[in-house]
Every structure is written in C-alpha cells, then in structure tokens.
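> Got a structure here, written out as structure tokens. Questions coming.
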Amino acid sequence: MALFTHDSPAPTSARRRRPSFGWMALLIALVAGVILGIMPAPYVIEKPGPVFNTLGSATDADDVETLLITIPDEMVYPTKGTLDLLTVSLLGNRENRPSWLTVAGAWLDPSEAVLPIDQVFPENVSTEQRDAQSSADMINSQQDAIAAALTHLGYDYPTTVTVVSLPDGSPAARVIERKDQIAAVNGQAVANVAELRAALQVNGADKAASIDILRGGVAQTVSVTPIDNDGTVVAGVNVSVTYDFPFEVQIQLDKVGGPSAGMMFALGIIDKLTPGQLQGGENVAGTGTIDQSGAVGPIGGIQQKLHGALESGATWFLAPADNCDEVTGNIPDGLTVFSVSTLDQALTALEGIKTGDTSDLPTCPVK
C-alpha cells in the first residue's frame with residue numbers, strides 16, 4: 001500500500017532535456033559578440049596619441065634619446081616646464097579595419113572619434129601614399145616653424161619658391177616647368193606661398209600675370225593667365241619654399257606626421273633662443289599649423305589632443321581659433337584653453353600664463 005499518491009504524471013525525460021529560453025538567448029548573445037568582435041567595420045578610430053615636449057627629447061628610430069630641437073650650444077638658454085605638442089593615434093586602415101565591437105567602444109569614449117574609412121583613406125590613395133604625404137607635411141611644417149621663429153626674432157634669411165608640380169589642365173603648363181623658381185609676380189617680389197597667392201589674387205583671373213622665374217639659373221619672364229578656383233585665383237602650380245637660415249636649427253621627431261606641430265615647434269625654438277622661460281615653467285600644450293609669417297592654422301583631431309594634453313599633465317592649452325567650434329563643449333575638466341590665430345597671440349598667452357594674468361586672453365566662445 002502506498003502512503004502517498006500522485007495524480008500528476010511523472011516528468012518525462014524529454015521535458016528534463018528541453019533547453020531553457022535563457023540559455024538560448026545567452027548562446028545567441030555569445031555568438032553575436034564573437035561575430036562583432038571579429039567582423040571589420042568601415043570605420044577608423046582616432047584616439048589621443050603620444051605627447052612630446054618640444055623643449056625636451058624623445059627616442060629616435062634607432063632608440064637613441066635625441067633633442068627635439070637642436071640649436072648651437074652657445075645660443076641656447078636654459079628652459080623649464082613644457083611646451084608640449086600633441087599627436088593623434090589612428091586605429092585601422094583599408095588593410096586592417098577595426099572590429100564593430102572596437103568601434104562601439106570608441107563611440108562611447110569622449111576622447112575617441114569614429115570616422116568613415118573613406119574620409120581618412122580615399123579609395124585612390126594607399127596607406128603608403130598617405131603616410132608619405134604625412135611625412136612630407138611634417139618636414140615642411142618644421143621648416144615653416146623655424147622660419148616663423150627666426151622671423152619673429154628679427155633674423156633675415158633668403159627664401160626660394162620652387163615649382164614642384166603642375167596639375168593637369170594648369171594654365172601655366174605651357175610656360176612654367178617643374179624646378180622653376182618663382183621670383184616675382186607683376187614686379188612684386190615673392191618670398192613665400194602667402195605672397196604668391198596674394199599677388200595672384202590682386203592680379204585677378206581676367207588678365208595675364210607677368211611672372212619672373214629662374215630656370216637653371218637663367219632669369220626670364222613668362223605670361224600666365226590665372227584661373228578662378230572657387231573664389232581663389234590660382235596659376236596652376238604647386239610650389240615648395242626652401243629657406244637659407246643664418247644658423248642651423250634641427251628638428252628631430254620620428255614616426256610622427258602632419259603639419260599640426262608647427263606652432264609648438266616655433267614656440268620651442270623661441271624659448272631656447274631667449275632668456276627666461278616663455279611660460280614661467282608651467283606645463284603648456286598646444287597645436288596648430290604655422291607659416292613663415294606666423295599665422296596659426298586649424299588642425300584635425302583637436303578633441304583627442306585636448307584629452308591627450310590633460311592626460312600628460314598639462315593645465316594650459318593653446319588652440320587655433322579656427323578650431324573653436326570643435327573645442328567649445330569638449331574641454332575636459334582641469335584644462336584651460338586659449339584661442340590663438342598668430343604666433344604673437346600665442347606668445348602673449350604664454351606671457352599671461354607666466355605672470356598669472358590670463359583674464360584678458362581670448363578663449364573659445366561658449367555656444
């Protein structure tokens with residue numbers, strides 16, 4: 001006789017083996033995570049890169065500690081503090097794209113930016129070509145930085161504007177050749193790219209310009225009718241400017257490209273060539289292109305550079321005024337940013353930081 005009876009049927013072995021919905025959902029999530037972790041996304045990621053003190057040193061390609069700026073010893077004054085240049089590290093290229101999981105993490109990180117791969121690596125430009133152009137931009141920016149610094153300090157030096165290429169359809173292609181040196185436009189001497197552009201703009205696109213050139217050391221004058229390119233008058237020549245400086249200034253920084261360190265290199269050179277410290281020994285970071293005249297231009301990756309500056313210990317930051325739209329609302333706590341348009345404005349900002357009087361220095365407007 002049974003002591004207890006069970007009206008309901010006993011569980012079947014099939015019911016015991018039925019997988020629960022929770023386990024199935026977990027399995028699907030794991031599979032999706034694996035797929036997202038390996039599937040390449042059509043994006044690249046910008047993040048804060050290494051920070052370098054233009055007053056200090058860094059390891060070169062041979063792992064040798066080398067000064068970023070080298071000037072004859074008898075001309076150098078002691079420096080203190082930092083004048084940091086910022087870089088942006090790029091994760092991904094056409095050959096090695098980041099995964100969707102990595103991209104998702106970057107979207108959530110305010111110090112990183114996600115960009116369409118076509119914006120950074122156009123289909124007709126290889127990674128090697130982009131790197132080569134970036135290296136060339138860095139070399140040119142270093143020369144422009146030296147020129148801007150020495151111009152500010154009152155040094156005179158000759159310059160040469162040389163034609164490096166002529167684009168297809170150039171109005172100058174019939175009379176100007178690669179390696180020609182451009183000396184003047186309509187009798188107005190041309191010593192840099194800015195002066196060449198200004199002279200062509202004054203001439204206009206409705207009449208021929210008289211251009212004095214040197215070809216193989218022989219002077220001659222040619223006639224070119226410039227064209228209007230979206231409001232800018234151009235002669236259809238790509239040029240580079242070389243400088244014959246009165247003494248040697250070397251800038252050494254390997255594995256970093258682009259023109260954005262120009263302003264900070266110029267400030268570092270001036271600090272080394274003048275007594276005292278420009279920034280009073282404070283830790284200052286900044287970014288911006290520069291030309292021979294001292295004009296400071298906009299750069300890319302400003303938000304990543306703001307975070308990189310703070311992480312490196314800087315409390316002050318000099319930003320190009322033309323980047324203010326990207327700066328406003330994106331300044332990390334603990335960093336004070338001043339906007340500059342010229343080398344003179346950057347030096348004024350450093351003087352304010354040095355003296356502790358920054359109340360009148362321009363900042364990026366709050367939206």
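Backbone N, Cα and C atoms are what each Cβ position is placed from, and that goes for glycine too.
Reproduced below are the annotations present in TrEMBL:
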ACT_SITE  S260  active site
ACT_SITE  K305  active site
DOMAIN    138-217  domain 'PDZ'
DOMAIN    256-353  domain 'Lon proteolytic'
TRANSMEM  21-45  transmembrane segment
> Please list residues from the chain of S260 (active site) whose Cβ is under 8 angstroms from its Cβ, counting only those at least six apart in sequence.
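Counting only residues 6 or more apart in sequence, the Cβ neighbours of S260 (active site) under 8 Å are L85, L86, S141, T287, G288, T289, I299, G300, G301.
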> Just how many other Cβ atoms lie inside 10 Å of the Cβ on K305 (active site)?
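Step by step: centre on the Cβ of K305 (active site), count other Cβ atoms within 10 Å, giving 29.
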